[in-house]
Structures are given as C-alpha cells and as structure tokens.
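> Checked Swiss-Prot, it gives:
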SIGNAL    1-23  signal peptide
DISULFID  33-49  disulfide bond
DOMAIN    63-214  domain 'Cupin type-1'
CARBOHYD  70  N-linked glycosylation site
CARBOHYD  75  N-linked glycosylation site
BINDING   111, 113, 118, 160  Mn(2+) binding site
C-alpha cells in the first residue's frame, strides 16, 4: 500500500475513533432509562433499565441536595453524592452532582475523579480550590479562593482539593459529565488500601522512615 493510501486509512481510523474519545459516558438511545439497581444482569457502562411502568413518577426530581451534611468528621466536611446509585434516573444520561459542606477549617482532601470533568459553584462562604497539573505540565498547583456565586472547573483525572479558608461554614455544589465519576482519595488510597501497600514501597516513594508510614497507616485503618 502506498504512502498516500496508508495516510488516508489512518486518518479515516482517527475520525472513526474521535467521537468515542471525546465522549465521556455513552450516548443514550432512549429518553429515560431509570436504573434497576437490584437487577441481576451484568452491567457495562450503566445499569439495566426498569420498565417505565415500574419507574414511578419522580425519577426526574430529587431533594437530596437540599439538606446540609454533617461536618463533624475528621476532615470537617461532608459529601452528599447524587450519582446513579443515589438517583437512578440519571442512568445513561451522563450527569451527576455532589453537594459538599465544610466546617470552618474543613477540607475536601486531595482526590481524583477518574471518569469525569467537574464544574462547581460555591454556594456559601469561601473556599480555597486547588488543582494540580500533571508532571508534563510542570506539576503546577493552580489555586484561588473562590467565593459565593463564583465557579471553578477541574479537568478529568487531575488531583484537586477544597479548603474552607473562611470563619463560617461553606458549601458548594458540583456537577460531573458522568453518572458515576468515581473518586480516589489520595491519602486513603496510599495509607488505607486493602490489602495495604507494603511499607518499604511507601518509605522509598515518600522518602521517610518506616515509623512515619506506619503512623499514617494507623490514621487511615478505619477509612475516612
């Protein structure tokens, strides 16, 4: 095959793959597919649909985010999730939301959403929002104090955090372009995994003594 034909075939393949690369969740093929969370069928990129006759009449509405969460936690924050597990009506629609409430000095620790881009608005108070670039972008920290009514954007897969820098309670609402964005809390992943990451791996990676690693593991033995 000549060079021009090879190039044409390659370009055609790229064009075919482009929609899949650009999309997050798969596009729906029906108006509604209320998730059957109790179904026995194997689910791939979504859940089986309930028959509409069994879906009820409230699957498009939720009041779950109307109530503040309890911030009496070790992190001083509370995350109220509204993904497909909590709102089955979002199944196949490629969207979900969270509400996060913060006590003064509370934090939403460094974490990653592996399957979604995040956009958020601060509803009350003021939050330091930090986004960490990847190594090929210089491992740069992008941060700003975001106040009530202001918004922020977090690209898919980048580590980020929020911290209440105000003297009063704060809250934010965020949305994702996935019904199940996933979350990886960095401290819990490193020091509370099951089974644990071997201590020598962490001592070498973090350049600390074994006693420091064991202390940190003890802090996360019970999870968050």
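Heads up, the Cβ atoms here are built off N, Cα and C, so glycines get one too.
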> In whole Å, note down how far the CA of residue 160 (Mn(2+) binding site) lies from the CA of residue 75 (N-linked glycosylation site).
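Per the Cα atoms, residue 75 (N-linked glycosylation site) and residue 160 (Mn(2+) binding site) stand 15 Å apart.
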> Residues with Cβ closer than 8 Å to the Cβ of residue 113 (Mn(2+) binding site), same chain and 6+ apart in sequence?
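Set apart from residue 113 (Mn(2+) binding site) by at least 6 residues yet with Cβ under 8 Å, we have 154, 156, 157, 176, 178, 181, 182, 183, 184.
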> At the level of the C-alpha atoms, what whole-angstrom distance separates residue 70 (N-linked glycosylation site) and residue 111 (Mn(2+) binding site)?
20
> An 8 Å radius from the center of the 111, 113, 118, 160 Cβ atoms defines the neighbourhood of the Mn(2+) site; name the other residues of that chain inside it, in order.
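Close Cβ neighbours, site residues excluded: 112, 154, 158, 159, 181, 183.
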> Expressed to the nearest Å, what is the distance separating residue 111 (Mn(2+) binding site) and residue 33 (disulfide bond) at their Cα atoms?
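With distance taken Cα to Cα, residue 33 (disulfide bond) is 30 Å from residue 111 (Mn(2+) binding site).
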> Measuring Cα to Cα, how many Å separate residue 33 (disulfide bond) from residue 118 (Mn(2+) binding site)?
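Residue 33 (disulfide bond) to residue 118 (Mn(2+) binding site), Cα-Cα distance: 23 Å.
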> Which state, by DSSP, holds residue 160 (Mn(2+) binding site): helix, strand or coil?
strand
> Using Cβ atoms only, which residues of the same chain lie under 8 Å from residue 160 (Mn(2+) binding site) while being at least 6 residues apart in sequence?
110, 111, 112, 118, 129, 130, 131, 132, 154
> Let's check the environment of residue 118 (Mn(2+) binding site): how many other CB atoms sit within 10 Å of its CB?
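Around the Cβ of residue 118 (Mn(2+) binding site), 20 other Cβ atoms lie within 10 Å.
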> Starting from the Cβ of residue 49 (disulfide bond), draw a 10 Å sphere and report how many other Cβ atoms land inside it.
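The answer is 18.
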